[in-house]
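Enquirer: My questions will all concern the structure given below.
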Amino acid sequence: MSTGTFVVSQPLNYRGGARVEPVDASGTEKAFEPATGREIATFKCSGEKEVNLAVENAKAAFKIWSKKSGLERCQVLLEAARIIKERRDEIAIMETINNGKSIFEARLDVDTSWQCLEYYAGLAASMAGEHIQLPGGSFGYTRREPLGVCLGIGAWNYPFQIACWKSAPALACGNAMIFKPSPFTPVSALLLAEIYTKAGAPNGLFNVVQGGAATGQFLCQHRDVAKVSFTGSVPTGMKIMEMAAKGIKPITLELGGKSPLIIFSDCNMKNAVKGALLANFLTQGQVCCNGTRVFVQKEIADAFTKEVVRQTQRIKIGDPLLEDTRMGPLINAPHLERVLGFVRSAKEQGATVLCGGEPYAPEDPKLKHGYYMTPCILTNCTDDMTCVKEEIFGPVMSILTFETEAEVLERANDTTFGLAAGVFTRDIQRAHRVAAELQAGTCYINNYNVSPVELPFGGYKKSGFGRENGRVTIEYYSQLKTVCVEMGDVESAF
């Protein structure tokens, strides 16, 4: 399949093991191909009746799934992972068409997706409580039990991967899931739903409900939704938290960031430059944990900046389905204009643009209406500038200089966000000392933006709470029951 040829021809809701049109609507949305600006779908946003049907369907599947053994759930997840591997290129192409990231990156996203399913398949078969001996031969034990119907709300930057990150632990624990993709990227979650069905999951175990804010509200406030896991912006996360609070629902929030990347003078310069590029330009800079505040020790600032600019200018921008493309378009026209606005604001506030920050028109005429820009490096930045304080969510790196470790730690932590942070240094004591002081949920030492499924991922402060990936996520998709067993006579005060 080539850029500019795909059009959605099937329903985008998935309920009861099949694609369906919603029985009612709360408006419509359009989905676009970012590379060309071409509309690929107009779809109905699910109304309250459709949400109710999806929840009832998921409840029925939950009754079946929650009674299966961990080994039986493991087998379904492993089969789903196998199918994802088998359909790797197909899924990656769909992701690239609807999201705009390069096919090179999209394939890596698919790989981390099947790895996630395999990891939680292993945990599904090993979930257990504990036995506690009590006086007189009595004892207690704990059971880790599923919550019920869980709601996953995805973001548009990693549509398929996020659907896997949320559904794999939920299903491993014995839950059912309803997944609402971002209306910007409605396509690839349907592929995952079909894969779960083909792998042997009960019909309704993973339903996909399309829609915007109104659909999300129907889902969050539904009495039979037991848990909400959301990836997205801080303002939307606050609204979801308010809605979930009214139903006393547990939630996981993975929100925005303005992460610091600290480059000490004793670093391996080659690796530090690579790390800075990874921290800023993956998925066109549209990554919540990006290290967009790059603090460079003064002794190496000039050399580091020169090399970062040189390598940034070499990044191949263009058709995201071509193998040599490393940067595709941003998600849509309003977001492109927003990011370009941050660059204009930075210049007005005194920052210097060393490269990029401009709209880009690829040579291929079919891409002329795509949402492209050149990756941008800003220098002469100060901590009070808008480009340094606010999440841009685009390919814009702000370089700042520092002199001492104590100084940079204070500045790095001076933010309401706390999703990630990074440090490059050859001093292993300093590396661990700095990581301990950084106020962030994930700290990278001598690397950046790696996400092994074995490691928990989540934020501090306004970047959210709860975790995705790692063994600990089982605790966020289950509840603990304590059983107390008396082996003797009851001693009573009455």
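Cβ atoms here come from the backbone N, Cα and C positions, even for glycine.
Pasting the feature list from Swiss-Prot:
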MOD_RES   S2  N-acetylserine
MOD_RES   K30  N6-acetyllysine
MOD_RES   K30  N6-succinyllysine
MOD_RES   K59  N6-succinyllysine
BINDING   K180, G232, S233, V234, P235, T236, E391  NAD(+) binding site
ACT_SITE  E254  active site, proton acceptor
ACT_SITE  C288  active site, nucleophile
MOD_RES   K298  N6-acetyllysine
Enquirer: Name the secondary structure element type, per DSSP in three states, that contains K59 (N6-succinyllysine).
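Expert: Where K59 (N6-succinyllysine) sits, the three-state DSSP reduction gives helix.
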Enquirer: Please give the maximum pairwise Cα distance, in Å and rounded to a whole number, for the NAD(+)-binding set K180, G232, S233, V234, P235, T236, E391.
Expert: 24
Enquirer: Let me make sure I understand the structure: which of the recorded positions listed (E254, E391) has the fewest other Cβ atoms within 10 A of its Cβ?
Expert: E391
Enquirer: If you measure from the C-alpha of E391 (NAD(+) binding site), which of the recorded positions S2, K30, K59, E254, K298 fall inside 10 Å?
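Expert: Among S2, K30, K59, E254, K298, not one has a Cα sitting within 10 Å of that of E391 (NAD(+) binding site).
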Enquirer: Checking the contact step here: among the recorded positions K30, E254, C288, K298, which have a Cα within 10 Å of the Cα of V234 (NAD(+) binding site)?
Expert: E254
Enquirer: How many Å lie between the Cα of K180 (NAD(+) binding site) and the Cα of E254 (active site, proton acceptor)?
Expert: 15
Enquirer: When you tally the Cβ atoms that lie within 10 Å of each candidate's Cβ, which of the modified residues (K30, K59) has the highest tally?
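Expert: When each Cβ's neighbours within 10 Å are tallied, K59 tops the list.
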Enquirer: I need the most crowded of these recorded positions: K180, K298. Count other C-beta atoms within 10 angstroms of each C-beta and give me the top one.
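Expert: Max Cβ neighbours within 10 Å, all protein chains included: K180.
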Enquirer: Compared by Cα position, which of the recorded positions S2, K30, K59, E254 is the closest one to S233 (NAD(+) binding site)?
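Expert: That would be E254, nearest by Cα distance.
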Enquirer: Tell me, in order along the sequence, which recorded positions from S2, T236, K298 have their CA within 10 Å of C288 (active site, nucleophile).
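Expert: Correct set: empty; none qualify.
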Enquirer: Could you tell me the C-alpha distance between G232 (NAD(+) binding site) and K30 (N6-acetyllysine) in angstrom, no decimals?
Expert: 19
Enquirer: Which of the recorded positions P235, T236, E254 has its Cα closest in space to the Cα of K298 (N6-acetyllysine)?
Expert: E254
Enquirer: Do any residues at least six apart in sequence from T236 (NAD(+) binding site), in the same chain, have a Cβ closer than 8 Å to its Cβ, and if so which, in order?
Expert: F230
